[in-house]
Amino acid sequence: MIQHPRIGIRPTIDGRRQGVRESLEVQTMNMAKSVADLISSTLKYPDGEPVECVISPSTIGRVPEAAASHELFKKSNVCATITVTPCWCYGSETMDMSPDIPHAIWGFNGTERPGAVYLAAVLASHAQKGIPAFGIYGRDVQEASDTAIPEDVKEKLLRYARAALATGLMRDTAYLSMGSVSMGIGGSIVNPDFFQEYLGMRNESVDMTEFTRRMDRGIYDPEEFERALKWVKENVKEGFDHNREDLVLSREEKDRQWEFVIKMFMIGRDLMVGNPRLAELGFEEEAVGHHALVAGFQGQRQWTDHFPNGDFMETFLNTQFDWNGIRKPFVFATENDSLNGVSMLFNYLLTNTPQIFADVRTYWSPEAVERVTGYTLEGRAAAGFLHLINSGSCTLDGTGQATRDGKPVMKPFWELDESEVQAMLENTDFPPANREYFRGGGFSTRFLTKGDMPVTMVRLNLLKGVGPVLQIAEGYTLELPEDVHHTLDNRTDPGWPTTWFAPRLTGKGAFKSVYDVMNNWGANHGAITYGHIGADLITLASMLRIPVNMHNVPEEDIFRPKNWSLFGTEDLESADYRACQLLGPLHK
């Protein structure tokens, strides 16, 4: 059984016996317990289980105790450490020197013992040794007897833990390419060095003929298929056929295609994670799956010119429910865009919520909207907006039909209820695919995302000579007047899922205007997640040594390892590039 990755908590202490160490034992160990309690009571794994922490077997005052802690952590699948102390300790003697996992240190801000002095000393040792560590130091002085974790310290501990867990969850998993390069898209030219060295992942690949092989040979669960077909007929609405008359398929052919795309979903899922039912049917090898945390399907054009497209498969893999009930989503990239798949994966592991995959299709200026519709933009839309629309697939959670406190959200599967599932289905239809694009047919996904949701759009790009770089745009979804929406939406493909997005502007750099955001976006795709998580993404990127080339996160929310400041404190973007370049990938 594969263990969850855990956070290791290291209570370090002044090693001097005969009074000093003894007086600090309880306080120091209680700090460790309080951090473990905070993390386990606040954060969850993608399966909904509380995050697990492992505390060192004793306080750490000298090297043998540091070594004992290290041995325990190796056996316990610890993916990151947090060192805590209220006092002076011996810096390089007590530090964790594992170079391939993240480290953080919380030095208690008190006057009785110099926790801050240890923090500064051990962070200097980390910098000297080239092992980055995050420094956490409360803004306000606390009493020595105060066991509460200050709010600013909590925020940093949780931000660090979320990002560190993401590194652990990715490690030793796989990206599965179903097919190869789609239409010359750079992101679907999968780079195994990037996955191995930055994420600790491997790459696997299957030809798209694996889908037809499994269909022809019955390598899927026939009982599940019958149940799925019944559920789809009862719950999934076929949309209006926008094709010209000579391209409209017969009712009989459409019915056959519904059966085909349901099988595609089942096979795509089984390829990613396996299915023990296949072993019962005599297909032991296929039952294992590919241990894929994220996958992509090429589709265009070799598949879609001949077979029904992958829109239904992609939509329901990225959605948190199907005929088997509510479940955690998969992370699945259209057009095998592995870089957008990784962008979705970063978002998912930080939030435990499903992800919107979209083309960053159009910038609509206020002037253009008024010319086309006669409507003057206002509110969050006043400076213009971006049309985010994928060519036929999107998680149904992207409808925004789930709610929290009466507001539209995308939330973890364990918070979802059946009424929200039905609302998503009722507000979505599945039109026959545009056969000028998809000659083999299939069914696309059509909905409109509800407005006023805080979201973050993310994209990972590869830059020759530099490596991966990350860009982040926080903003809000918009709800336009119905007639304005229809006028703008019908200028593209009315059978595809639409999200109207207004990035938050800062007045400088790439965020001077919405046009500048569009103009500086590094690729044709973006991954959109619920919530403003840019600060968490910046922390995660620093752990992986991926520089951030564009973001609109307030400077006070940026949390990177302490030694980043030694690369410069005025121009943080340049310092980030220098630090990542010098330190190199986390897993190299």
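Placement of Cβ uses the backbone N, Cα and C atoms for every residue, glycine included.
When secondary structure is read from DSSP and collapsed to three states, Asp359 (Mn(2+) binding site) falls in the strand class. Around Asp359 (Mn(2+) binding site), the same-chain residues six or more apart in sequence whose CB sits under 8 Å from its CB are Leu388, Ile389, Asn390, Ser391, Asn524, His525, Gly526, listed in sequence order. If you look up Swiss-Prot, you'll see Glu335, Asp359, His525 marked as Mn(2+) binding site.
Sequence-distant contacts of Glu335 (Mn(2+) binding site), defined as residues of its own chain at least six apart whose C-beta falls under 8 angstroms from its C-beta, comprise Ser182, Met183, Ile185, Gly187, Ser188, Gly296, Phe297, Gln298, Gly299, Gln300, His525. Here Swiss-Prot flags Glu335 (among others) as active site, proton acceptor.
Among the features that Swiss-Prot reports, active site, proton acceptor is placed at Asp359 (among others).
Annotated Mn(2+) site Glu335, Asp359, His525; additional same-chain residues within 8 Å of its Cβ mean position, judged by their own Cβ, are Ile185, Gly187, Thr334, Asp337, Asn340, Phe357, Ala358, Asn390, Ser391, Ala523, Asn524.
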